[in-house]
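Per Swiss-Prot, the features are:
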- His20: active site, proton donor (ACT_SITE)
- Asp28, His106, Tyr128, Ala129, Asn130: substrate binding site (BINDING)
Amino acid sequence: MKKGTVLNSEISSVISRLGHTDTLVVCDAGLPVPHSTTRIDMALTQGVPSFMQVLDVVTAEMQVETAILATEIKQHNPQLHETLLGHIEQLQQHQGNTIEIRYTTHEQFKQQTADSQAVIRSGECSPYANIILCAGVTF
């Protein structure tokens, strides 16, 4: 049995294949996933697992250089937005780098998911609980 943080074989595999600037999406239960993009569906029921639970596990193994959020999260889900900013701050300290945070419209966000290596769908059912993570390097 694997001893590391990520036990899900699909998530572990996609993270291990990421190169510098490749992207990975963690999303809520409602984000449409392009047919051309690998979907890793973790959703069991509403809220399980939560967006933050999935993000915590993914970022424990992934070196993150940039995070992209929909601008709408600021107005429509401010509590999660603040939680995300705190998570990114802690991740910066753990990784020893600065993580750039970019905002885009939700429509542009959805278009950008088509270029991602995979979309990991959580059971989250709150608005705009989505993030695009851009891979950094560990050296």
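Every residue gets a Cβ built from N, Cα and C, even glycine.
Each of Cys27, Gly30, Leu31, Ala70, Glu72, Ile73, Asn77, Phe109, Ser126, Pro127 belongs to the same chain as Asp28, His106, Tyr128, Ala129, Asn130, is absent from that list, and has a C-beta within 8 angstroms of the C-beta centroid marking the substrate site. In this structure, Tyr128 (substrate binding site) belongs to neither helix nor strand by DSSP; it is coil.
Take the CB of His20 (active site, proton donor) and look out to 10 A: across all protein chains shown you find 10 other CB atoms. On the backbone, the CA of the residue listed as 'active site, proton donor' and the CA of Asn130 (substrate binding site) stand 21 Å apart. Neighbour counts of Cβ atoms within 10 Å were compared across the binding-site residues Asp28, His106, Ala129, Asn130; the minimum falls on His106.
Neighbour density for Tyr128 (substrate binding site): within 10 A of its CB lie 23 other CB atoms from the protein chains shown.
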